[in-house]
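Peer 1: Below is a structure I'd like to ask you about.
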Amino acid sequence: MENKHREENRNFDMRAIRTVAVGVGLFFVAALALQYSDQLFAALGLAWIAVMPLLLGCVFAFLVNLIMARLERVYFPRSTKKIVASSRRIVCLIGSFLIIGAVIAVIVNLVFPELKASTGVIKTGVAKVAGDFYGWASQNLDSIMGSIDSASLESLERSFTDLMASLSSGDSSSVVSMLESVFSTAGSILHNVFAVVVALVFCLYILLDKERVVKGANSALDLFMPASAAASVRRAAHVANQAFSRFITGQCIEAVILGTLCAIGMGVFGMPYALAIGACVGLTALVPVFGAWLGGAIGFLMILTVDPMQAVWFIVFLVVLQQLETHLIYPNVVGASVGLPGIWVFSAVLVGGALFGVLGMFLGVPAVATIRTLAIERATIVRKRRADEKAEEA
């Protein structure tokens, strides 16, 4: 018994020493980071620019794999022919990109022509309102000028004079500044295009040989981590993969349901642009809970160009549909797919949106589902361990 207590004390001392050493090391690292913060942020910025296309490629690969994995399960799954096995991956990969391209083409062809037409009507209406306002202002110029004090008029006149002088001077600095802005914008566009191209190429490499990629990641875990830590990382990655896969699938199903209901309801009530607005609402509904309101705002403006009263009734219809979606469709479709109760889904969207904006709203639900699952598993292990310790003491 005495040896056991001595061993426990020795283990406690070693843990205390390690804790103090880690704390001191973290303190010095934090001090150095504060002292060289500018250089650190510059280095991190360069690292982010270099790594961002690869991370974007991983995201593309994850999303495309959701479709490709399902196609592989239906592409002659019981066939033993060599040609089928060798062509399965490439055929399903091409099919996945064709499906994504077809969905994008349908949305573009449904939404953008109607949106362009309604935008033209809005411009015409704004021009008419501006003309009416100009006519009214011309007729009531004396009363308008009488309501403005002389100091405001003098300030306005000076501002206008300065503006005209700067425009007529032909200052070369303005031209240089404009050219710098143009080149900066063009460079940013080219950089983003290059990043997307690199991401797509990296995505193809991952998907064409994903088994080897997974095997390499597992080998790296075994090489650089203890066995227990590697097992924990694998478990966390498995839970996160399930949560994000189910969430994205459920979110797409929910968006299709909401867009279809919106289009059908608008068709029943005789509202214009039913298909275009339904597609727009469904597309924006990919952002959880609140995303459909953006599509609703676009739909309101489109209907407003035809009939303002119908635009008001569209808002009423969308409010009712959103209540149905928020309290019935979303918690049961998306919440059930990730294993979260409705209140957890709603809270995850609110907190994620407050912290990280639209991206936080989209990723908040699967992130909370992952953390909740891992926490429940950890709590179960701790309770079992405590129960075993109590049984041994008894």
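Glycine too: its Cβ is placed from the backbone N, Cα and C atoms.
Here's the feature list from TrEMBL:
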- 16-34: transmembrane segment (TRANSMEM)
- 40-69: transmembrane segment (TRANSMEM)
- 90-112: transmembrane segment (TRANSMEM)
- 189-208: transmembrane segment (TRANSMEM)
- 255-275: transmembrane segment (TRANSMEM)
- 281-304: transmembrane segment (TRANSMEM)
- 342-375: transmembrane segment (TRANSMEM)
Peer 1: Excluding the flanking five residues on each side, which residues at least 6 beyond the ends of the transmembrane segment (281-304) place their CB within less than 8 Å of a CB in that stretch?
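Peer 2: Same-chain residues near the transmembrane segment (281-304) but 6 or more away: 107, 111, 114-115, 118, 122, 251-252, 254-256, 258-260, 262, 271-273, 310-311, 314-315, 318, 322, 325-326, 330, 334, 345-346, 349, 353, 358, 361-362, 364-365.
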Peer 1: Based on Cβ pairs under 8 Å, which of the stretches 16-34, 40-69, 90-112, 342-375 lies most in contact with the transmembrane segment (189-208)?
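Peer 2: Of the candidates 16-34, 40-69, 90-112, 342-375, 40-69 scores highest.
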